[in-house]
């Protein structure tokens, strides 16, 4: 039954809210094109969808870079590529510091700790560092360990399962048709291949990307639809934070209204997925945007700092969650 | 933490970091970024960001932390 003057939101109310099915690509595009005055209605519906199909809990995660910089790939948004004149230097985090970061993350109430490395894929040294690091974390602190190490072989997927890594992040970054404009050193299909192996292994799949890379609204809708096809357990939603020295260093920060449209659209495309606020939200949406997103379909946050840039203090996000009466998802609920 | 005033800007590595007009963007950006350049010698520092802070090390002039 129509409830608004916006036909696409009426269709979404029936298909997404009532039936739990994701919005199809043509309607995702319509949401991305909604006039400004209809953004609050889209966010409200996205929030209802999140509450109905995911519940009120918010999953909190901390991330840390185990190996920073010096990456051989040319992802045009990334300050960690060794191919650009970025000021980011290569550095490794030692195991005691990794464990300390996990403990500090757990102390915020987070249930997830993701270890990230700037690589095409892990070599033997990195896999050994992961083996030692995950073991040390599990001995020291109760927290789920996730990993993001680039493209994997089947043997490496199996090794990560054996280590007890419960979720693997590998972002598609953008839609298939725009990917060659952003990355030329590997293909979208290679990333998809790793994601399929991860899915088949039983690890949870975390796959999202970056909005505002210069893609069209049609391509943004295409990306949401491709993620819906993958059905990841989690989608981290980043907004481009243009990094000095990268090919996208002069790209403008995206319009906050477009960012809010994207949040609503991705929630309506992925009604049952953990939709996480990730990098770039501070620069794109500011403090107010964090609240609007959490009331517009977002049900997970990265707290504290990112890999090479800084975020809001964890306490700011946790206080906001308390104010919004959104409980932090307990570790026990994720095991 | 705002950009430290030294010989070089700790975000862009250029001279005259006290020139407010020239480095206004750097100062604003540094609210959400760790330092990248040593303010004494302009070397790129080794920077490790963790969820609750950062450390930045210059091979010649030592380490800073948040």
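In case you wondered, yes, glycine gets a Cβ from its N, Cα and C as well.
Note: TrEMBL annotation is automatic and uncurated.
Here TrEMBL has A:114, A:206 binding [2Fe-2S] cluster, and the candidate from A:272, A:276, A:281 in that same listed site is A:276.
Recorded residues residue A:75 ([4Fe-4S] cluster binding site) and residue A:206 ([2Fe-2S] cluster binding site) have their alpha carbons 19 Å apart, per Cα-Cα distance. According to DSSP, residue A:206 ([2Fe-2S] cluster binding site) sits within a strand segment. If you draw a 10 Å sphere around the CB of residue A:78 ([4Fe-4S] cluster binding site), it holds 25 other CB atoms from the protein chains shown.
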